[in-house]
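Taken verbatim from TrEMBL:
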type	residues	note
TRANSMEM	84-104	transmembrane segment
TRANSMEM	124-143	transmembrane segment
TRANSMEM	164-182	transmembrane segment
TRANSMEM	194-214	transmembrane segment
TRANSMEM	243-269	transmembrane segment
TRANSMEM	281-298	transmembrane segment
TRANSMEM	310-329	transmembrane segment
TRANSMEM	335-359	transmembrane segment
TRANSMEM	371-392	transmembrane segment
TRANSMEM	412-434	transmembrane segment
Amino acid sequence: MTGSSMENDEAKPLGRWSVLAYGVGHVLNDITSTYWYTYLLLYLTSIGMPPKQVAALAITGQFTDATMTIIAGELIDRFGHFKIWHAVGTVLVSVAFSSFYWGVCVPCKIIGIDTPLVQMIGYYMFNILFSGGWSCTQVSHMAMVNGITLDQTSRVACVSCRNAFTMVASLIVYGIGFFIFNSSVKQVEIKEQYHLLATITVLIGCCFVIIFHLGTKEPRVKQVCHKTIPRGSSWKRWLKNGLYYRVASIYVLTRVVTNISQVFLALYVVSDLHMSQSSKALVPAIIYLCSFIASVMLQELEWSSYRLKAIFSVGGLLWLFCGAVVLSLPMNMNVFMYILSIVIGIANAFMMITSVGMESELVDKEVEGSAFVYGSLGFAEKVLCGIMLYILESYESVTPASCNPAYPCFTVTRFSLGFIPGVAALAGVVVTCFTKFRTSHLEPLAETLLA
């Protein structure tokens, strides 16, 4: 097959199975990420680790993840083989994550000493391995979409499918966790509950990884990249491209919206609105479910750069509205949080899918160097979110503020959930209005994605 015929073949829209197979390739990462952010503090404090050490461990993981994102992007650009890097990352994530939550102390066994210090070294070791593997899987999976197909609508469909399964992964963790923590299994020791949850969720994630590797082909990078451009200069070209910085700003601001809101949502619901303890699971579940439905619906659209910008702007304005409601919602009207969670879920899906779609539109046919784009943007958002979370959480009050139920009162939690994401969403919309892409045509999918 000639190079031109292979390029024409990859320019064809993808079918439903190809989009689905790609979309499930990040489920293991999403499962472990949801588990990590939700239960890390609860698990480590339940086994006796001081909160300050837990915070230090979490920050180390965040910055390791950010650094390894850049390294993984450079290595993938230099050597290619997206699926091999994805498989290597999967193995590291599975082994390190399971060993972390099972409390396996490898240094203790190697040197024959079992002390709190050596155990802490073991946690840091698996934390670093987990973060490194997570980055390899994330960057390789995001970057390979531009090599799988040249069709813009199919690329956005792949991203939309990936985002939909991110919601599925979160619902899997919360659903299994709810059963383990609230059924007859709760007679088991608390540490064993976390062990069981980690084992089940990792096994489920690995099943999705198998589907991904069986259903996708290794991208033919050489057939879709510009051969006249030297391999080592790819990152320099991106840094000289003004569109790169605008898309980077949009993506990073989107991650600020989703990450900051995820961290402070449960605390806001319980501490500020004084809702029931079950709302800590119910409100996030509604958000993820609505995001999943919105993601599936977006897969059926025909996509252009104009539509990417329009739907992102709608999502950003919806989040601006949600931020204003969060800041002004009094305790005696907390039932409206369930309605607001529907809007937040839709806004999250709109912003995430279109921001990653803009990354794909930025890369376009320049697959060589695509891992640098996804890796560098991942690095930026992880560092920024890590710093912001550290600052916001350092001012967090331990005891809930006493407020008049009829009026909202200012708290760091309310400010973090309402003001920060709202402003970030508005800034993203402004940047989007001044962003112009190279292409603007509409292209349909080969098949509908819904049976």
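Positions of Cβ are set from backbone N, Cα and C atoms, glycine also.
TrEMBL: automatically predicted annotations, no manual curation.
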Interface-richest range of 124-143, 194-214, 243-269, 412-434 toward the transmembrane segment (335-359), CB pairs under 8 Å = 243-269
Chain residues in Cβ proximity to the transmembrane segment (412-434) (below 8 Å; excluding those fewer than six residues from its ends, i.e. six or more beyond) = 246, 249-250, 253-254, 256-258, 260-261, 263-265, 267-268, 271-272, 309, 312-313, 315-317, 319-320, 322-327, 347, 351, 355, 388, 392, 395-397
The transmembrane segment (124-143) touching the transmembrane segment (281-298) per 3+ Cβ pairs under 8 Å rule | no
Stretch of maximal Cβ-Cβ contact with the transmembrane segment (194-214) [cut-off: under 8 Å; candidates 84-104, 124-143, 164-182, 371-392] = 84-104
Sequence-remote contacts (6 or more beyond its ends) of the transmembrane segment (124-143), Cβ cut-off under 8 Å?
-> 25-26, 28-29, 32-33, 57, 60-62, 64-65, 68-69, 71-73, 76, 82-83, 85-86, 88-93, 95-97, 99-100, 104, 106-107, 162, 356, 359, 367, 370-371, 373-375, 378
